[in-house]
């Protein structure tokens, strides 16, 4: 089983390191031809405009969509959540999301870099201990479709983690938390996929 981390831009090394703590085979992915050999793909945080443009430039958007439809697990964190969304309200400044998840996501919902924060979250599917979530220029989920499961919310009710079948999206950066439980959760999703 091999888990790929999209390595075109963003926090891919941190995801690779976190997967390494679990003994998972993790690889950097930069070409469309590397995708079919994967059991799962992580789209990391970074700059959503840049990531979606590079997905088009490198011919990866359509193969990722096809693999998602076949059931390959895909996990988007922060900017990766934006990439997976069907709808982005407001000024999307050239972002072309993959449109895979039935969610409406607002970019930079918590403000600029200086407004970054950490929060302890209860997360459905993880053990009872709260998860230390790091929010940096994070998006939020404004609306979910019928098939979308809400995994976590902030105390004010803001949705920050969702799952729709083989697709997982979270607003924050679990790779920066020092806690590998979300990565373990995704590895378990990847184990169920038959390429």
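Even glycines carry a Cβ here, placed using N, Cα and C.
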L-glutamine binding, same site as 46, 47, 48, 136, 137 - Swiss-Prot member from 30, 107, 163: 107
78, 136 as recorded positions, winner by CB count within 10 A: 78
Cβ neighbours within the same chain of residue 48 (L-glutamine binding site) - under 8 Å, at least six residues apart: 79, 82, 83, 95, 97, 107
Residues 46, 47, 48, 107, 136, 137 [recorded L-glutamine binders]: greatest CA to CA distance in Å: 13
Inter-residue C-alpha distance, residue 78 (active site, nucleophile) and residue 173 (active site, charge relay system) (nearest angstrom): 7
Conformational class of residue 175 (active site, charge relay system) under the three-state DSSP mapping: helix
